Amino acid sequence: MGMPLPWALSLLLVLLPQTWGSETRPPLMYHLTAVSNPSTGLPSFWATGWLGPQQYLTYNSLRQEADPCGAWMWENQVSWYWEKETTDLKSKEQLFLEALKTLEKILNGTYTLQGLLGCELASDNSSVPTAVFALNGEEFMKFNPRIGNWTGEWPETEIVANLWMKQPDAARKESEFLLNSCPERLLGHLERGRRNLEWKEPPSMRLKARPGNSGSSVLTCAAFSFYPPELKFRFLRNGLASGSGNCSTGPNGDGSFHAWSLLEVKRGDEHHYQCQVEHEGLAQPLTVDLDSSARSSVPVVGIVLGLLLVVVAIAGGVLLWGRMRSGLPAPWLSLSGDDSGDLLPGGNLPPEAEPQGANAFPATS
């Protein structure tokens, strides 16, 4: 199937049945980030696509291909769709990296340039566009798709806006995307993949113990590859509830999530404990004993490292997901390229999952 003609969107907007109420239709948003001088092995540009709080797309300058995430990997999309996403994001990558080079040349320093671009659907299925940009964590520019210009009050705004206005058709393409392509894509996702928004993937689990301080042990209950992200931990001692521990949750980069909870117990008492989780994907709570797993046979360190490697491909996913889930207006990051390694969740990994060497754990491809 070829690319749709310009008039096809107008016809689709008129004829599409109003099966989704405006209060249930999620926005489609692209979050773009470019950094100066990225840390070794990290991309200089990456993008994530979101349908409401659910990530459906990832792209980075190392792989240079747009890939679907989670349940959207099985969406019955038209043949050209992901090629078009890739082409558009490569164009955005070029614009963002050229802007960074120009800012560095004129003003010196290192920068993080970000954008939040997308749309919601009005009651008549027309686009309610969003196009805002941030520099080093502060919003500094907006794009008006109906006028076709970038505006803001910062000196840096003028530099970036003038650069982009000189690019052939850059403003026209941005307007076309926000007013036409974005609502068309959103409507297509809702028609072809509406069940994906109700996707449920149950977790795999593992319970491990390690020595703590002053005669204690620390239990780590880990849950892997689940969706939606809401999950409830519970530790059991001799079958009775013994608290939920200290919990953390983050995205894997493929649309699913991982989580863990830590509980300090008396050393020698570890085998009296079990870990239990409740999740929408489970018909009943899932319980696991110490040093055993449910629906998983891979060592916890290998799984967590695999998750870390996936997150590297979409650096910043943890922070971005947290902001998107919180409903904050824009998930801006203030880190420069030299600090981009801090976008990764390594500091939040449970101690037994910390890498001990390059060859310590199984690699993932």
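Backbone N, Cα and C atoms are what each Cβ position is placed from, and that goes for glycine too.
Swiss-Prot names the disulfide partner of Cys119 among Cys69, Cys182 as Cys182. The record in Swiss-Prot pairs Cys275 in a disulfide bond with Cys221, which is drawn from Cys69, Cys221. Considering only the recorded positions Asn108, Asn125, Asn246, Cys275, the residue whose Cα is spatially closest to the Cα of Cys182 (disulfide bond) is Asn125. For Asn125 (N-linked glycosylation site), the nearest of the recorded positions by C-alpha distance turns out to be Cys119; the candidates were Asn108, Cys119, Cys221, Asn246, Cys275.
A coil conformation is recorded for Asn125 (N-linked glycosylation site) in the three-state DSSP classification, outside any helix or strand. Cys119 (disulfide bond) sits 17 Å from Asn149 (N-linked glycosylation site), taking the CA atoms of both as reference points. Straight-line distance linking the Cα atoms of Cys221 (disulfide bond) and Asn108 (N-linked glycosylation site), rounded to a whole number, equals 47 Å.
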